[in-house]
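Asks: Structure incoming, see below.
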Amino acid sequence: MSSPSKRRDMDVMKLMMSDYTVETINDGLSEFNVEFHGPKESLYEGGVWKIRVELPDAYPYKSPSIGFLNKIFHPNVDELSGSVCLDVINQSWSPMFDLLNVFEVFLPQLLLYPNPSDPLNGDAASLMMKDKQQYEQKVKEYCERYAKRENISNTPAEESSDEDISDELSMDSSDDDVAGQADP
C-alpha cells in the first residue's frame, strides 16, 4: 500500500463486502455508519446498533473514531455521546489493524468483557460492580428498547431521547399535582 487513502479505501471496501451493512455519508469513504449486532452468548445478543465511523486523513496510522448512535448501557460507552472507551482504538492502535478488526474483534470483546474500572458511564460501572443482576437486567432493557432494527433505520438518537423525556415526565409527575400544590 503506497498511501493512507488507498489503504482506507481498501479497508472500507473490505468491510462493505463482509456481512456488515455499511451506509456512507456524503458519498465519501471517510464517514459512514455500520450496522453492528451484539455478540452471541452476551447480554447484548439480539441487539442491533448503528455505529458511526470517522476515518482521519492519516488512517491507518491514526485510529478511527467510533461511536454508538443508538443507546447502549455499558460501562465503557458514554450513554449520551455514544463514545467508546477502548484502549486498542484510543491508545494502542496500530496500522496492522483494520476496520474488520474493529467490528469482528474489538467491539465484540468490549461487549463481552466490560471494564468497570475504566468507565465512561459511571452509572453502568457502579451498578455492574454493586449489583450484577440488576446491571444485567438494565442491559437487557436497553437492548429491548433501543437496539432493535427499527431503532437504527432512521437513527437520529434525538428521536428516542424525546420519547425518554415524555416517558419520564409522565412517570415523575402530572401537571395536576404540580398545579394543585400550595407554597409552604
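Every residue gets a Cβ built from N, Cα and C, even glycine.
Caution: TrEMBL annotation is automatic and unverified by curators.
Annotation comment: TrEMBL describes 1-148 as domain 'UBC core'. If you look up TrEMBL, you'll see Cys85 marked as active site, glycyl thioester intermediate. The region 'Disordered' annotation in TrEMBL covers 150-184. For 159-178, the entry in TrEMBL reads compositional bias 'Acidic residues'.
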Asks: By DSSP, what is the split of the domain 'UBC core' (1-148) into helix, strand and coil residues?
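Replies: The breakdown for the domain 'UBC core' (1-148) reads 56 helix, 24 strand, 68 coil.
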Asks: Hey, what's the Cβ neighbour count for the residue listed as 'active site, glycyl thioester intermediate' at 10 Å?
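Replies: Its Cβ has 17 other Cβ atoms within 10 Å.
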